[in-house]
Amino acid sequence: MRPDVPARLPTAQVIAAIGGICMAQSLVSGIAFQGVPALLRDGGAPLAQIGLANLAFLPWALKFLWSPWIERYRLPAGQAERRTRRIVLPGQWLLAALLFLLAGLGQPSMPVLLAILGLISLTAATVDIAGDAFAVEQLAENRRGWGNATQVGSSYLGMFLGAGLFVVLAGSHGWRVAAATMGGLVLLLTLPFALVREPARAAHPSAHRPSLAHALGRRDVRLGLIITIVFQAGSRLAYGMTPLLLLDRGVPLASVGWINGAGAVVAGLAGTLLGALILQRLAAARAVVVALALQTTALAIFLAAVLASSWLPHAGTQWLVALALLKAATAATGFVALYAFLMGRASPAQAGVDFTLFQCADAMIATIGGVAAGWLAQHWGYGVCFGAAAAFGAAGVLALPALMRRLAPPFSPENEHV
C-alpha cells in the first residue's frame, strides 16, 4: 500500500461519491423505465410497443453473469491496485455521451431508441457492479447504515429526476433539451467520485480469482440470497398494485402521479433516515428483523384499509393514500437495513460479485412478485393480493431469526482474505 494514501477514505468523501453515482444510476433508470414510456404513450405509441422498453431492465437482472469479469479487472490478482475509477468514470462519461446522442437525435425511431436505452442500461448496470464493490470496501461496518441510507435516498432523488424532471422538460422544451439536461446532470453527479483517490489494497493481496462458483460455494452467500427473497417477497408483491388500487378506488390520475413522484420521494427519504437510525442502535442482523416487522405492520394496516374501502365504497380515500405512503416509507427502511446487512456478507476479495448476486435476487423476486400480484388481483381481488403480501411478511419475521443464527460473523472491509 502506498504510504501517502490511507487504508480507507474518509466517510464523508465515500458518502458523497456513492451518493452521486447512485443518483446518476437511478436518473438514467428513471428515464428508461418511466420517463420514456410515459412520453411514448403521450405521443400515441401502442402499449405493446411501449412494453418493449422494459427489455432495458434485462442488464440489471442479468448483471451477475458478467460481474466476475468486472471484478477480476477491478481487483487484479496478486496486485495491490484497485481499478474502480477505471470502470466507474468511463462508464459515467459513456452514459452522458449516450444522453447527448439522444439529444442530438431528438425523438428517434423506436429501434434506435431501444438500442440507446439498452446501451444506457447495460452501461449503468456494469458501473453499478464496481460502484457497489467500492461502497462495500470503503464503508466501515458502523457506517454502512448511513452509507446505505445515502444510496437509497439518492436513488429516490435520481428516479424523481429521471421519471419526473425529464418528462416535464420534454413536455415543455422537447426531447433535445430534456436529454441534454440529463446528460449534464450525470456529469455533475460524477464529480464527487472523480475527486476520489482510491486506496490500494493490503500489502500482500490475495491471488484469488473472483467467480460465481466461489460465491455460490459460500454458505453465507446462499443464506444471504434466501434472506433477500424472504425479506422482499411481501413488499415486492404489494409494490406494483398500490397505484392501481388507488386509481380503482377513485383517486384521480394526477394525484396518483404526485403520490408516486413527490410523495414517494418524501416518504422514501424519511424511511431511509429511519433505517440509518435503527442501524446506529442495532446490529445489522437484528435491524433487518426489526425493519421487516415494521414493513409487515404497515402492510397489515394497509390491508385493513383496503378491505374497509371494499366494504365502505363511499368512504374517503385519504386514509388509503396516507397508508400507501407509510408503506413506501417502511419499504425504504427495509432497503437500508437489508443492504447494510448484505454488505457484511460480501467477501472483500470479490465484493462486486457477491453483492451483485444479492441485488439480482432482489430483481428476480421483484419481477416474479409483479407478475404474481397482477394475477392475484385480477382473479381474486386486491384483498387477497395484499393479504398474501402481509402473510409473506409475517412468515419472514418468524423465519429470519433462525436464518440469521446460521450465519458466520460479517466480513470487515479490512479483511482481504476470502
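Positions of Cβ are set from backbone N, Cα and C atoms, glycine also.
Please treat TrEMBL annotations as automatic predictions, because they have not gone through curation.
Owing to the predicted nature of the structure, the values given are computational and were not obtained by experimental measurement.
Per TrEMBL, the features are:
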type     : residues : note
TRANSMEM : 12-33    : transmembrane segment
TRANSMEM : 45-66    : transmembrane segment
TRANSMEM : 87-106   : transmembrane segment
TRANSMEM : 112-131  : transmembrane segment
TRANSMEM : 152-171  : transmembrane segment
TRANSMEM : 177-196  : transmembrane segment
TRANSMEM : 223-246  : transmembrane segment
TRANSMEM : 258-279  : transmembrane segment
TRANSMEM : 288-312  : transmembrane segment
TRANSMEM : 318-343  : transmembrane segment
TRANSMEM : 355-375  : transmembrane segment
TRANSMEM : 381-403  : transmembrane segment
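The recorded stretches the transmembrane segment (288-312) and the transmembrane segment (112-131) do not share 3+ CB pairs below 8 A when only pairs 6 or more apart in sequence are counted, and are therefore not in contact. Pairs of Cβ atoms less than 8 Å apart link the transmembrane segment (87-106) most often to 177-196, out of 152-171, 177-196, 258-279. Across 12-33, 223-246, 318-343, 355-375, stretch 12-33 shows the highest tally of CB pairs under 8 A with the transmembrane segment (177-196). Between the transmembrane segment (223-246) and the stretches 152-171, 318-343, 381-403, the greatest number of Cβ pairs separated by less than 8 Å involves 381-403.
When Cβ distances are compared across the two stretches, the transmembrane segment (12-33) makes contact with the transmembrane segment (112-131), since 3 or more pairs at least 6 residues apart fall below 8 angstroms. Each of 45-66, 152-171, 381-403 was scored by its Cβ pairs under 8 Å to the transmembrane segment (112-131), and the highest score goes to 45-66.
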